[in-house]
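Single-structure report; data block below.
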Amino acid sequence: MELCYQLPVLPLDRPVPKHVLSRRGAISFSSSSSLFGAPDPRQLSQRRGAISYDSSDQTALYIRMLAVTNKTIKPSFVFTPGACVIFKQLFSNVRVRSQVGFEPERRGSHPYLGVDFRTLHSRAESAGTIPARRIRRLFSFQRHLLSSRLLRGAPHLNPLHILDEDYCGQAKCMLEKVGSWNFDIFLFDRLTNGNSLVFLTFNLLNQYGLIELFQLDMVKLRRFLVLVQEDYHNQNPYHNAVHAADVTQAMHCYLREPKLAQSLTSFDILLGLLAAATHDLDHPGVNQPFLIKTNHYLAALYRNTSVLENHHWRSAVGLLRETELFSNLPAEDSLSIERQLGSLILATDISRQNEYLSRFRTHLDENDLCLGNASHRHFVLQMALKCADICNPCRPWELSKQWSEKVTDEFFHQGDIEKKYKLEISPLCDSEANTIASVQIGFMTYVVEPLFAEWARFSDTRLSQTMLGHLGLNKASWSAMEPEASGSSEEGESEPGRATDEPSSRVLSQGSQES
């Protein structure tokens, strides 16, 4: 796609249209051919994507993007008196989320445009009536990819913020409280227009000082995070980018726990955050048994062993290599990151829950965990990621209930597919035999409670007690919804005994469904 610019100079006494001053928002693209060429001004005024500043600001900048596939893009600029703008167009391979529905270039379910629009600083270039205030905007879906040279010590007078000025409100306030266990990831995702994973992970990497410490190229990092977010399937009710962002935020909370904060290295923290962000990458929305019994190529590729987790890991490694995120590090360090990333992601296989839990319990019983030992720190990171992955029942009820409904919806959707193709229905996936409450009570009792009880033994802090408290309250809330189902049969007394015959196996047979 070739780009050209036309910056028409308009009379300075021409007023800014009212509809411009009243509109705010990110640039969007339209494929309506009727708006290209020489559009009617009335049609142009109805175009989406106008950007303006405060309605009382008479130095508003009005930008229209006219995009035509395989044609030209013509940004039209209207400058009002006192506004002086330097516009710079840079290119990269980063995809920009668009509002129109055209086919993406490659993997993922979201339309992206292979162009990155970056505006830099608005700055007074002449004396007189031009205000001293600098106008800074971030284009390309409110993302700015800062050049790596800015991290190499090159001076710059106008440092840019991670979020543009539209995010100086609620979203920025939320990021200031990203370490709170009550963090509402659903609200944050709405405030970031569906980009919670990108902004949250970038913010945490910056907060820990990892970008500067490892000299990560900002363009490559942003591109990596955007591609990670793109490779999550948003049509999945549960295993999507919002879940990945939630797990990353929970991982951040655990990394701040005193025992970990005092012992983990920057390398450990980098691994923990990257593993949390990519742990369910390209999840298909069905579990491992489903892939095996349908002879899916992934099951054959990984020989029916940790199929999904292996795929998540390999997908993450593929993106790391595609973006060359760690190309500045020695080759052996890059390979070490890839191997340890795989070790963390593979630990989220819930079918191996008892294996990791027994090992964790043994360490705690013998009191031989030494966080000065690299292998012990890595094991604790594995347990932290496992906790973060299934921590939804330990969140406040308002958040936990939403996650429970989403994951059960995904279970039942798989069960509907199995019914349609006359396959054996997987445990917990039959909407006629299970309820949200019954699924959650079993999961909390046989999977979540044992894991978080041991984590509380390891890290007996206020956060651990808060999580166990929420877990108990949430379980009681679901139990209160279940009496009708359990009491509908006169043989209700025998039901609990029958339910406990194979409780753990029924839950764990879900393979990677919850993880």
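The backbone N, Cα and C atoms fix where each Cβ goes, and this holds for glycine too.
Residues or ranges marked as active site, proton donor by TrEMBL: His239. TrEMBL lists His239, Asn240, Ala241, Val242, His243, Asp280, Asp389, Gln440 with the feature AMP binding site. Summarising the annotation, TrEMBL assigns Zn(2+) 1 binding site to His243, His279, Asp280, Asp389. The Zn(2+) 2 binding site annotation in TrEMBL covers Asp280. Here TrEMBL flags 479-489 as compositional bias 'Low complexity'. Sequence annotations record features per position, and here TrEMBL assigns compositional bias 'Basic and acidic residues' to 495-504. Taken from TrEMBL, the feature compositional bias 'Polar residues' applies to 506-515. Annotated domain 'PDEase' per TrEMBL: 163-485, in sequence order. Feature annotation from TrEMBL assigns region 'Disordered' to 479-515.
Features per TrEMBL, on structure.
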residue	record	contacts (Cβ under 8 Å, 6+ apart)
His239	active site, proton donor	Tyr232, His233, Asp280, His283, Gly285, Glu410
Asn240	AMP binding site	Tyr232, His233, Asn234, His283
Ala241	AMP binding site	Gly194, Ser196, Leu197, Val228, Gln229, Tyr232, Asn234
Val242	AMP binding site	Ile185, Phe186, Asp189, Ser196, Leu197
His243	AMP binding site	Tyr232, Asp280, Trp403
Gln440	AMP binding site	Pro393, Ser404, Thr408, Asn474, Lys475, Trp478
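Calculated from their C-alpha atoms, the gap between Asp389 (AMP binding site) and His279 (Zn(2+) 1 binding site) amounts to 9 Å. His279 (Zn(2+) 1 binding site) is surrounded by 28 other CB atoms, counting those within 10 A of its CB over all protein chains shown. Averaged over the domain 'PDEase' (163-485), the predicted model has a pLDDT of 95. Cβ neighbour count for Asp389 (AMP binding site) (all protein chains, 10 Å cutoff from its Cβ): 26. Residue density at Asp280 (AMP binding site): 28 other Cβ atoms are found within 10 A of its Cβ, drawing on all protein chains shown.
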